[in-house]
Amino acid sequence: MVLMIVSGRSGSGKSVALRALEDMGFYCVDNLPVVLLPDLARTLAEREISAAVSIDVRNMPESPEIFEQAMTNLPEAFSPQLLFLDADRNTLIRRYSDTRRLHPLSSKNLSLESAIDKESDLLEPLRSRADLIVDTSEMSVHELAEMLRTRLLGKRERELTMVFESFGFKHGIPIDADYVFDVRFLPNPHWDPKLRPMTGLDKPVAAFLDRHTEVHNFIYQTRSYLELWLPMLETNNRSYLTVAIGCTGGKHRSVYIAEQLADYFRSRGKNVQSRHRTLEKRKT
């Protein structure tokens, strides 16, 4: 059974995540004190029910040791996973302005901007040990819920999930990435007028890139690097490995290479997911 701990900065989508988990059959509790986690888990273990609990600045333990002790006291039947939701500062400010809600730390006479920064510092101990960090800056409510359903329901228990995501550097580096590879030095299909409207998912773009030796070398060396360290990552009790591939716009080279890497590791029996940030953004 899974004990999903949902944390993150206020305004990043924790309530949406908790509702999505409830729809998936999790027993959900909002803002349960950390010290009560073992008691809740023992009660649900008897009923064989997975649980999801949100933790934010309102119920953060006074020290990281309290959280670690609570995790140690969980029943063996439960596999704890920590999901941390985040968004960039400007997005959080906009969301609070749109909803006109009060930030949890604003009561301490802090401005909204200062409250967001203070909260980030307070939550860093949880963020640093998260199994999965999700950047919701570019996501709608429905996209976040669907992404969680895909990643969590499609995940085999206790097995590392490899996530390959393409992005464009002009849109910023994904904050949920464990590894970032820059492919802007590779031949660019953008300069071919016939290929420019296409994406790395289209066969003509794939054929263009496939003709270049340096593209093959990059894919080979990148997958070799990941294969070298993957056994250690798998034994490090982590649930996700997110590999971000970036080109200028996130439309051609990064998409193609992310798909090539995803296909390779999928063919080796790994649990693999792929995501294309720029292409998903264009659909909205």
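Placement of Cβ uses the backbone N, Cα and C atoms for every residue, glycine included.
What Swiss-Prot annotates here:
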- G8, R9, S10, G11, S12, G13, K14, S15: ATP binding site (BINDING)
- D56, V57, R58, N59: GTP binding site (BINDING)
- 266-284: region 'RNA-binding' (REGION)
When distances run from the Cα of G13 (ATP binding site) to each of the binding-site residues D56, V57, R58, N59, the nearest one: D56
Non-site residues, in chain order, whose CB comes within 8 A of the mean position of the CB atoms of G8, R9, S10, G11, S12, G13, K14, S15 at ATP: D56, L85, A87, T136
Chain-internal residues near R58 (GTP binding site), provided their CB is under 8 angstroms and they sit 6+ positions away: N31, P104
Length of the line joining the Cα atoms of S10 (ATP binding site) and D56 (GTP binding site), in Å: 8
Position of peak Cβ density within 10 Å, selected from the binding-site residues S10, S15: S10
Listed in sequence order, residues not in D56, V57, R58, N59 with Cβ within 8 Å of the centre of the GTP site Cβ atoms: N31, I55, M60, P104
Listed binding-site residues G8, S12, K14, S15, filtered to Cα within 10 Å of N59 (GTP binding site): none
DSSP-assigned states of the region 'RNA-binding' (266-284) in counts, ordered helix, strand, coil: 9 helix, 6 strand, 4 coil
